[in-house]
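Over in TrEMBL, the protein carries these features:
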{"type": "TRANSMEM", "residues": "B:12-28", "note": "transmembrane segment"}
{"type": "TRANSMEM", "residues": "B:62-81", "note": "transmembrane segment"}
{"type": "TRANSMEM", "residues": "B:123-143", "note": "transmembrane segment"}
{"type": "TRANSMEM", "residues": "B:163-185", "note": "transmembrane segment"}
Amino acid sequence: MKYLKFLLVGIFFGIVLVKSEAVSWFRIYEMFRFQSFHMYGIIGTAIVTGLLFLQISKRKHFKNIIGEQIDAPKKEEGFIRFIVGGTIFGLGWALIGACPGPMYILLGTGVYSMIIVIIAALLGTFLYGILKSKLPH
Amino acid sequence: MEFILNPWPWYISGPLIAFVMAILLYFGKTFGMSSSLKTMCSALGANKFSDFFRFNWKDQRWNLTIVIGAIIGGFIAIQFLSNHTKTDLNPTTITELQQMGFENPGATLVPNEMFSFESLTSIKAIILLIIGGLLVGFGTRYASGCTSGHAITGLSSLQKQSLIAVIGFFIGGLIMTNFILPLIFKA
């Protein structure tokens, strides 16, 4: 039962990303060619809505279910990891047209070859874990 | 019902994605889809190889539950909530992609040329899927977040590290789409 709410959030997230076409490889291509406003509209309104929510929760001291102040997690310090890691991620995102959320969602829509992508992504994550200490952050 | 079955406009979809972030923060968790990959690695035994995976993955079961939900959500959306409208792409985009050899841009969510079972008999398609997956998996952990963690959560909480990461996402994405894809799919 404890997990039911997360299952429902996942289902909702999957439906929204399919219905918004954010899981479409073609929409990602179009975005990186600056040929459509659609994806910028989605990401932009998500950020603005999220920003309003976080600002209001800060001012009104909204608490989460365990009674702590609602706030976004703080990112680690650094520069190289964000710019280099981000660029590597972006290369993959534009190639397969899917970031981690859509990989799973597309699998649910019947794109079974996503299993190959997910396994490769697990391998990529594993490689990072192995090489972490040797990489500049 | 038409409204549900048709593709949803961006100004509805964006705020709904922010709602997912908000509700997860309310549940005392975070909106970060790529963390599930790290959790799965740890659950599959990667903790034997690196400290990075040495944590109690069972504490992250909520994240794996979201993954299962997302798969179910994708199924529900395509089976019951869709009238299979063609994606309304820019005509220029369609022409470009056709010139690169993509037969029916926008008719499906992903190009058959890369993802269909027929394509999986081609070494090229499989290599592209593997390289793409590797880049996403490696890059997202190196940058410690993906679109949900950096572009949505990080930017809406005004963190400069996330801005740097998103700039990186765009550097990589622009290079791939504008320079590498045209080389891979030469007309």
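Heads up, the Cβ atoms here are built off N, Cα and C, so glycines get one too.
Note that TrEMBL annotation is computational and uncurated.
Keep in mind the model is a prediction, meaning the values are calculated, not measured.
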Which sequence positions outside the transmembrane segment (B:163-185), separated from its termini by at least 6 residues, show Cβ-Cβ distances below 8 Å to it?
100-102, 113, 128, 135, 139, 143, 145, 147, 150-151, 154-155
Report, as numbers and ranges, which residues of the same chain sit near the transmembrane segment (B:123-143): CB under 8 Å and 6 or more residues beyond its ends.
34, 37-38, 113-115, 150, 165, 168, 172, 184
